[in-house]
């Protein structure tokens with residue numbers, strides 16, 4: 001192990017030497033650039049663009065382009081990038097992550113690679129964690145890029161499609177990660193090329209890359225439509241759950257006590273009914289066996305009600321706003337996430353718990369993970385002060401290396417060892433005493449909490465102590481920038497949940513660094529408990545001691561903290577017993593304790609990484625399917641020529657499936673079976689007089705296929721004659737294909753989503769859930785393709801086309817499924833199908849009619865009934 005560590009350190013040193021040499025080369029252009037007039041410096045942009053057009057690469061232009069941007073920043077912003085910032089900029093251009101300490105000027109560092117890559121004209125996306133930072137950075141840095149002759153756009157959720165398209169067409173576009181992902185999904189739901197907003201994905205530079213590519217990666221981006229409402233069942237399950245006896249997650253000391261109706265696994269935060277709880281459920285719902293197959297839906301509602309009431313904590317996992325809406329709280333930033341909802345009915349269960357209106361469940365129409373979205377960029381890089389702890393994840397998932405960049409000035413912050421107390425009460429008493437002591441000296445103090453609840457508790461105690469202070473949490477995030485701006489002033493006391501002000505500088509006020517005692521110089525950061533991620537702790541610490549300023553950090557912990565309860569509190573308690581440390585005010589400083597806590601954090605980080613990896617593994621299964629469907633959709637939308645050859649392939653395969661299906665159900669030499677086939681053809685693709693029994697009788701299977709195909713071609717030609725204008729024919733073809741593809745694709749991914757939630761149970765049967773999911777999804781995909789081709793054939797053949805009437809296809813509304821959209825002036829004949837009898841067809845076999853659906857979901861419904 002020491003050899004591996006030594007090797008990594010040596011690699012970092014080699015990389016830094018190389019970056020140092022390259023940065024010196026950029027600096028060698030400084031005099032030349034300084035002597036240029038403003039007009040001459042601005043003229044460098046078109047000159048560099050021309051050199052790219054003539055075949056020079058971006059790497060060839062790096063030194064000169066960086067020097068141009070550096071000099072322009074000095075003139076426009078009054079800021080001149082340091083040597084270490086140039087090094088960071090080179091790492092970003094190379095598609096990697098420079099780890100730069102908080103306060104080292106990451107925003108300015110990004111200007112150089114953004115300028116260089118924007119010269120290609122292919123677009124650069126600068127990605128931030130929220131819309132406030134996107135707007136701020138675009139306003140501040142946009143001035144520099146505009147001065148240099150580049151166009152800058154801002155992409156926000158509130159923008160119209162026209163405004164979004166304009167923003168994406170700029171050389172540089174500022175946006176949030178979620179908005180980029182949703183725009184990609186929406187672009188693949190439109191029905192006209194002119195409605196698309198994004199260009200091909202080229203280069204993304206992600207600010208706070210660990211927050212976006214790691215923390216947010218557990219939450220897939222989903223566009224959904226409404227499913228049927230089940231409000232009454234949520235309320236009923238909630239009523240039952242409130243009758244149960246047991247412990248809440250926030251006060252649980254053990255997983256289960258004798259007589260409890262449910263038990264909680266503290267490590268995985270899962271919950272299940274005990275035997276006593278199951279008995280109560282069966283009596284409450286008046287059923288014999290809760291886990292009978294017929295009660296599967298009920299157990300789903302009960303499980304969600306259990307999680308909502310005993311695992312999901314008010315003001316920690318979510319809050320209820322003044323509009324009686326349940327808002328999720330981001331566990332890493334402390335901000336609320338409007339528009340985001342827990343999936344699979346959990347959000348509705350929380351709404352029932354809080355007695356607020358229950359919103360309808362949703363049906364997935366399009367989805368993608370953050371990981372798979374960003375992996376589509378040709379080049380991806382990002383900036384953060386805390387990425388080294390997630391180095392393996394960046395390398396394995398994104399193929400990105402982390403390069404630590406030295407600070408411009410040495411760090412002067414004093415980082416004290418953790419202080420551990422036996423109880424929460426003793427810990428908070430010590431925190432308040434420390435705040436009083438530092439406040440009396442005029443030192444600005446930033447208190448970091450993990451939950452809104454804790455921030456309000458400390459605020460209450462500070463009010464009692466008559467110490468003026470500000471609270472920054474999910475409930476007042478709109479004042480975030482203003483609160484953080486004043487947090488460095490003399491005597492300021494600020495409480496922040498999960499450092500919600502990340503990305504906003506805390507500038508020290510006059511007199512703050514002049515105290516005679518180093519302990520009271522600069523900003524004091526007080527952590528009230530360790531977060532489950534070491535990065536979040538490091539981000540909190542990093543608010544102090546920026547750019548070589550003095551500062552101090554101190555974490556206060558207790559054995560009753562959530563992290564300690566979940567991991568390792570028994571060992572720590574045993575250690576305290578051995579050391580004979582007892583009493584409410586007992587406190588311990590020990591390297592062993594700190595190491596124990598760090599190993600607990602590593603375990604949580606490992607669990608979280610596994611969780612993100614699993615999300616990615618499931619999404620990887622449908623990634624290829626999504627890319628194929630979206631690529632084919634694009635071809636249809638962008639088609640300028642008649643799509644008859646494509647349609648003929650669909651007709652041919654549909655006919656083959658129908659004939660082969662009937663042959664499997666019973667020999668087509670039998671006249672009764674031929675009649676069944678004829679009835680199917682009349683129902684799905686040919687009129688009554690289009691083909692007759694006598695024409696099919698006595699033919700071989702292949703001869704039947706050829707005859708039917710000839711008849712279908714003739715029927716298609718007569719349909720197209722009603723649309724004499726080639727442009728109208730193309731629009732009709734496009735409308736039919738897109739309607740069918742969108743309907744079937746949304747059904748497919750919703751089915752995959754439901755299967756993913758159930759496939760995990762197969763692990764109990766010693767089956768690998770991922771492998772099972774891959775195999776099932778592949779079968780479902782092939783069935784979907786068959787269903788698409790069948791439905792397109794049916795619509796093209798049976799649609800009643802009104803001659804000389806314009807056809808217009810509209811994009812599907814995001815709140816509904818594509819199947820609910822109407823295609824103007826295209827209607828399907830309502831032919832009543834006669835019941836067809838199929839012998840020897842299994843329930844789960846494909847229906848012989850060729851629809852691509854399982855027999856039990858198609859003609860088998862009547863047969864099985």
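Every residue, even glycine, has its Cβ placed from backbone N, Cα and C.
In Swiss-Prot, the ATP site is described by 103, 104, 105, 106, 107, 505, and among 85, 489, 490 the residue recorded at this site is 85.
Surrounding the centroid of the Cβ atoms of 85, 103, 104, 105, 106, 107, 505, where the record places ATP, the chain contributes additional residues within 8 Å, namely 100, 102, 108, 109. Residue density at residue 107 (ATP binding site): 18 other Cβ atoms are found within 10 A of its Cβ, drawing on all protein chains shown.
Ranking the binding-site residues 104, 505 by how many Cβ atoms sit within 10 Å of each one's Cβ puts 104 at the top. In this structure the residues listed as binding ATP are 85, 103, 104, 105, 106, 107, 505; their two most distant Cα atoms lie 17 Å apart. Most Cβ neighbours within 10 Å among the binding-site residues 103, 105: this distinction goes to 103. Taking a C-beta cut-off of under 8 Å and a sequence gap of six or more, residue 106 (ATP binding site) has these contacts in its own chain: 88, 100, 207, 383, 384, 385.
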